[in-house]
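Note sheet for the following structure.
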């Protein structure tokens, strides 16, 4: 399992504006163990994602 910021089809992090429930539901939908809104980046962060999940690994948001 991996941890990280899930991305959309354009390699952009999911913005959350401190909404932990949104991120938790998003991450659970991606089969993660849990998730929360990381306030420093205002982006969802998932813990325990499947190894093949799409997470931010660098590169620009298109």
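Yeah, the Cβs are placed from backbone N, Cα and C, and that goes for glycine too.
Copied over from Swiss-Prot, here are the features:
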DISULFID  12-61  disulfide bond
DISULFID  16-37  disulfide bond
DISULFID  23-44  disulfide bond
DISULFID  27-46  disulfide bond
DOMAIN    2-62  domain 'LCN-type CS-alpha/beta'
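Sequence-distant neighbours of residue 46 (disulfide bond) (same chain, six or more apart, CB under 8 Å from its CB) are 3, 4, 5, 6, 23, 26, 27, 30, 32, 34, 35, 53, 55, listed in sequence order. When DSSP labels each residue, the domain 'LCN-type CS-alpha/beta' (2-62) comes out as 10 helix, 20 strand, 31 coil, counted as helix, strand and coil in that order. Cα separation, residue 37 (disulfide bond) to residue 44 (disulfide bond), rounded: 5 Å. Annotated pair residue 44 (disulfide bond) and residue 16 (disulfide bond), C-alpha to C-alpha distance, rounded: 6 Å.
With respect to Cβ neighbours within 10 Å, the disulfide-bonded residues 12, 27, 44 differ, and 12 shows the lowest count. In this view, the densest Cβ surroundings among the disulfide-bonded residues 16, 23, 37, 61 belong to 23, judged by other Cβ atoms lying within 10 Å. Confidence over the domain 'LCN-type CS-alpha/beta' (2-62), given as mean pLDDT on the 0 to 100 scale, stands at 95. Taking CA atoms as the reference points, residue 16 (disulfide bond) and residue 61 (disulfide bond) are 16 Å apart.
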